[in-house]
Amino acid sequence: LLDGVYPFYPQQRKAAAFDISTVIVIVVFLALACSFLLILPGIRGRARLYWSLRVLLSLFVGVVIVVVQFTGDWESGWVQANTSYKSFSRVWVNADIGLHIGLAGLNVTLRGNPVRQINETIDYNEHFPWSFGEDYDRSYSEGLHKGLPSPILYVAEKFSTQSPCAVHGQYRIAGHYASATLWVAFCTWVISNILFSMPVLVYGGYMLLVTGAFMIFSLLSFSTVRNSPMCLIHIGTATLHVAYGGSFWLMLAIGLLCFVAGTTIVAMHHLNLDLLRAFFGLREDKAEEFQEMPEVFTSLHLVTQGP
């Protein structure tokens with residue numbers, strides 16, 4: 001070691017606390033929420049509560065649809081094991097190894113237990129992308145050249161194109177179609193908000209149902225990776241297992257919420273239209289402006305007969 005660092009390798013990277021893309025999306029939606037909340041004092045009565053509830057729920061659905069595109073916990077797993085730390089070294093460390101799989105790639109986390117061991121801070125979080133336009137094997141080769149710890153390279157090698165596990169293509173295709181389906185859900189979410197503001201309430205409810213359907217389709221697309229058996233990841237004497245993570249279950253909950261909200265709006269349109277208009281803050285005169293003009297039937301005989 002040279003000043004606590006292996007002389008043939010660069011300084012070890014620190015674990016990232018947040019993904020930059022996720023932070024940007026959250027900040028944008030928080031700015032929208034704050035701008036909408038600024039006009040709340042100008043709304044009087046019970047309409048203020050209804051308006052704030054509609055806006056906040058709608059923004060929450062939108063931010064979830066976009067944020068899960070960049071999160072890395074659609075599948076995740078942790079294991080604690082005693083393992084070798086570097087290649088060509090007999091040094092063993094006790095560490096927590098985490099695997100976090102997202103739509104665009106995976107993150108492998110290595111955290112020492114304790115963090116400070118063998119005169120080094122063991123705290124890594126390495127990303128290996130597999131989205132279209134990215135080269136997973138190149139990222140893995142760069143990790144080899146940088147001298148990443150052996151547990152990270154061992155886990156990342158299981159998902160390479162040369163691995164006998166043969167799961168790279170399945171995760172790449174499943175993540176690609178799940179991401180594309182979520183972008184379609186985001187578009188239908190935007191259309192539903194436009195229809196609610198026009199206001200065409202029942203059609204907005206239909207678009208919410210379509211939004212929830214595309215969210216469920218994205219989950220079904222990602223879950224196709226479970227159709228083939230996953231290679232066991234043995235680290236020391238322990239085995240790393242992965243299960244559906246927070247992003248997967250959050251997307252399922254939001255999809256069901258869209259189904260419930262859309263079904264409620266459609267049902268209220270047919271059962272209690274006045275209550276639905278009150279919830280969306282529509283006055284009677286304003287609502288009548290958007291109603292379809294009644295059909296007029298004229299007798300041709302009366303028109304031709306004249307006075």
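Indices start at 1 and increase along the chain as displayed.
Placed from the backbone N, Cα and C atoms, the Cβ positions cover glycine too.
The transmembrane segment feature in TrEMBL is assigned to 20-39, 51-71, 91-110, 177-196, 202-222, 242-267.
Sequence-distant residue pairs (6 or more apart) of the transmembrane segment (91-110) and the transmembrane segment (242-267) include at least 3 whose Cβ atoms are under 8 Å, placing the two stretches in contact. Here the transmembrane segment (177-196) has Cβ contacts under 8 Å with residues 54, 58, 61-62, 65-66, 68-69, 103-104, 131, 203-205, 207-208, 210-211, 214-215, 217-219, 221-222, 251, 280 of the same chain, all six or more residues outside its ends.
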